[in-house]
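Over in Swiss-Prot, the protein carries these features:
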type	residues	note
BINDING	D25, G154, G215, G236, S237	D-ribose 5-phosphate binding site
ACT_SITE	K82	active site, schiff-base intermediate with D-ribose 5-phosphate
BINDING	R166	D-glyceraldehyde 3-phosphate binding site
Amino acid sequence: MEKKVGTDRVKRGMAQMQKGGVIMDVVNAEQAKIAEEAGAVAVMALERVPSDIRAAGGVARMADPRIVEEVMNAVSIPVMAKARIGHITEARVLEAMGVDYIDESEVLTPADDEFHLLKSDFTVPFVCGCRDIGEALRRIGEGAAMLRTKGEPGTGNIVEAVRHMRQVNGQIRQIASMTDDELMVAAKNFGAPYELVKEIKTLGKLPVVNFAAGGVATPADAALMMELGADGVFVGSGIFKSDNPAKFASAIVQATTYYTDYELIGKLSKELGSPMKGIEMSRLNPEDRMQDRSF
């Protein structure tokens with residue numbers, strides 16, 4: 001039987017439809033409905049949010065398919081799910097289940113410490129994390145249709161997401177200012193496919209959307225990432241580890257849409273209750289840094 005794969009154009013077009021929106025992590029149907037009612041453009045179905053994965057330790061794997069199905073049956077918006085880096089079978093199972101996107105995610109324990117999935121070999125579009133333009137273009141070269149900053153998941157600390165967004169956008173500006181004869185050396189230095197470096201030079205931007213993720217915990221955090229050039233926002237632990245998830249979810253969606261309306265963001269931030277408890281980056285041991293799990 002002939003294998004079907006989706007084209008880059010179709011996959012990237014699907015991801016473009018989420019631009020400007022918020023994608024929320026959920027662990028059951030009830031949370032998925034809260035996210036949908038708050039205005040999320042998609043949900044990420046998983047067994048535990050990143051802060052719980054971090055606290056539990058051990059090996060984090062793909063969610064129980066029952067949870068993914070429960071979420072898919074509960075909402076009408078797109079449903080994403082996470083597979084371990086390099087785990088072909090987890091990704092194929094999720095594709096067979098009919099999820100709308102797969103996140104090849106460093107939040108889960110990598111299954112392969114050398115190879116990422118060849119995402120162009122799948123029909124379903126993939127989202128992947130990146131910290132710099134080299135990682136971004138390598139993932140696109142493998143077939144990713146959507147990117148997100150890695151940040152540092154489960155910390156409620158926005159500093160790493162800010163660092164990664166600034167790094168990627170700064171390197172895009174650097175490439176855009178290069179002469180054509182400098183591009184091959186740039187590709188070598190970034191460890192990136194030459195043709196994609198050339199495309200960055202032509203477009204002046206990434207050929208796929210790049211969302212912010214990893215540490216978004218407040219409406220102001222979401223607005224900040226949009227100010228820095230994010231195409232949208234992923235919120236992991238920040239919603240359902242807060243005192244008032246429904247109110248936090250709605251406020252973050254509105255702050256993402258109206259990210260330059262500072263008066264509105266101030267109003268949205270009033271009386272929300274406590275956000276999730278954050279972690280200072282200096283308190284993380286090197287082996288606990290999820291962002292370092294891919295390459």
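Positions of Cβ are set from backbone N, Cα and C atoms, glycine also.
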Item checked: Three-class DSSP secondary structure - S237 (D-ribose 5-phosphate binding site) -> helix
Margin query: I'm trying to understand the geometry here, so how far is the Cα atom of G236 (D-ribose 5-phosphate binding site) from the Cα atom of K82 (active site, schiff-base intermediate with D-ribose 5-phosphate), in Å to the nearest whole number?
Written below: 12
Item checked: DSSP state at the residue listed as 'D-glyceraldehyde 3-phosphate binding site', helix/strand/coil -> helix
Note to self: Between K82 (active site, schiff-base intermediate with D-ribose 5-phosphate) and R166 (D-glyceraldehyde 3-phosphate binding site), how many Å separate their Cα atoms?
What the structure shows: 25
Next item on the list: With H, G and I counted as helix, E and B as strand and the rest as coil, say where DSSP puts G154 (D-ribose 5-phosphate binding site).
Entry: coil
Checklist line | CB within-chain contacts under 8 A for D25 (D-ribose 5-phosphate binding site), separation at least 6 | finding: V43, M44, L46, V49, P50, F234, V235, G236, S237, I239, F240
